[in-house]
Amino acid sequence: MQVPFVSTLQETLQGFVTTEARLAVSVVLVTAAVITALLLTPRAVRAAHRLVRDRVLANERVPGQVSEFDWRLPVTAVVRTLQFAVLVGCGLAILVVWGFVDVAVLAVETMAATVPRIVQFLTTVAIVAGALIGIDVLDARLDAYADESDAINQHQKGIVFRVLQLTVLGAAIVGSLTVWGVNLGGLLVGAGFLGIVIGTAARTTIGSLIAGFVLMFSRPFELGDWVQIDGEEGIVADITVINTRIRTADGEVVVIPNERVANATVSNRTRLGQLRLSVDVGVDYDVDLGRAESVVADALGDVSEIESNPPPQVVPKSLGDSAVVLECRFWIDHPSAPRRALATAAVVREVKAALDEAGIKIPYPQRELSGRSETGGFRLSRDDRGRMPAAVAENDD
């Protein structure tokens with residue numbers, strides 16, 4: 001088999017038939033190869049690297065700090081590859097000079113057979129390197145966006161980055177398999193059946209995953225918020241794409257699937273920075289209601305644990321079985337379960353002390369007893385010791 005490169009080289013060097021001429025040509029070839037490989041090639045590659053770094057990577061239009069990528073590895077790989085090519089070319093030329101044309105042809109044919117694999121390998125390396133660079137750029141871009149905007153927090157940024165990272169890596173894997181000639185049709189069919197099986201078996205988990213992304217963008221609460229979700233109350237400790245964890249006042253950690261969170265009524269008591277609380281107090285029916293309201297309102301004004309703006313309010317709420325119920329309404333700032341407990345306890349103490357000082361009675365539960373007239377009713381009397389006996393019915397008989 002005739003190889004064009006070897007044939008051309010053979011025709012060029014066929015005039016060197018003497019041993020002295022062949023030695024001279026060999027020395028010239030080796031010298032040229034050494035100079036090219038050790039001096040010219042590294043300088044040319046470094047110059048090209050500086051050009052790419054200064055004109056492309058350092059350009060202000062390129063987002064993120066791509067300089068974190070180790071660029072010395074590609075430069076070294078390119079230099080070593082070119083040096084190897086120069087030395088191989090020099091070796092082939094020397095073989096032809098000394099008449100070993102068949103060996104040179106065999107070497108060229110072997111390298112020609114391996115060139116497609118080398119190209120595939122280099123293409124795969126380029127795809128993987130591009131994916132890593134793209135992930136680095138996306139991370140830097142998302143960091144800058146999260147720092148400059150309130151539309152996304154660090155937790156959401158982490159989730160978005162993971163999704164984009166998996167997408168880029170998946171695309172790189174598919175591209176690499178395509179380069180190596182892998183039939184993706186069978187893989188896609190198998191992946192489709194596998195997706196159906198997994199989707200059927202993990203229906204709840206997938207629902208929670210989708211709900212997690214919905215919660216991430218709707219943002220009904222943030223980490224550290226005091227919330228009530230489907231009857232569970234506590235501080236939001238963690239939000240993942242699968243579930244939400246809240247820490248209760250009792251020190252328990254409640255894990256709620258995001259699917260349940262998305263379908264539940266969520267009360268966020270931290271979002272507005274203030275929370276209104278209420279305490280009910282009962283006063284005797286014989287008490288002047290206006291005076292009782294004034295006493296309770298003055299007592300609320302002395303409580304330092306509650307806010308003065310909006311001012312606390314005292315309003316009649318209902319007519320109870322034993323007392324007129326007054327509702328004490330007041331606000332606290334930076335709401336939390338401990339602050340609510342402290343404010344409520346302080347209000348109860350101050351109101352109780354103020355009513356006692358004003359001589360206003362907080363009545364016990366009491367009942368009014370009466371007998372039916374057709375049975376003669378009943379009466380209560382004391383015995384000889386002054387004790388109240390049971391009711392004694394009066395009969396006309």
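Using the three backbone atoms N, Cα and C, a Cβ is placed for every residue, glycine included.
Per TrEMBL, these features apply:
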TRANSMEM  23-45  transmembrane segment
TRANSMEM  82-106  transmembrane segment
TRANSMEM  118-138  transmembrane segment
TRANSMEM  159-182  transmembrane segment
TRANSMEM  188-217  transmembrane segment
DOMAIN    205-271  domain 'Mechanosensitive ion channel MscS'
DOMAIN    278-362  domain 'Mechanosensitive ion channel MscS C-terminal'
REGION    366-397  region 'Disordered'
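With pairs at least 6 apart in sequence, the transmembrane segment (118-138) and the transmembrane segment (82-106) have fewer than 3 Cβ pairs within the 8 Å limit; the two do not touch. With helix defined as DSSP H, G or I and strand as E or B, the domain 'Mechanosensitive ion channel MscS' (205-271) counts 20 helix, 25 strand, 22 coil.
As a summary of secondary structure, the domain 'Mechanosensitive ion channel MscS C-terminal' (278-362) carries 35 helix, 23 strand, 27 coil according to DSSP.
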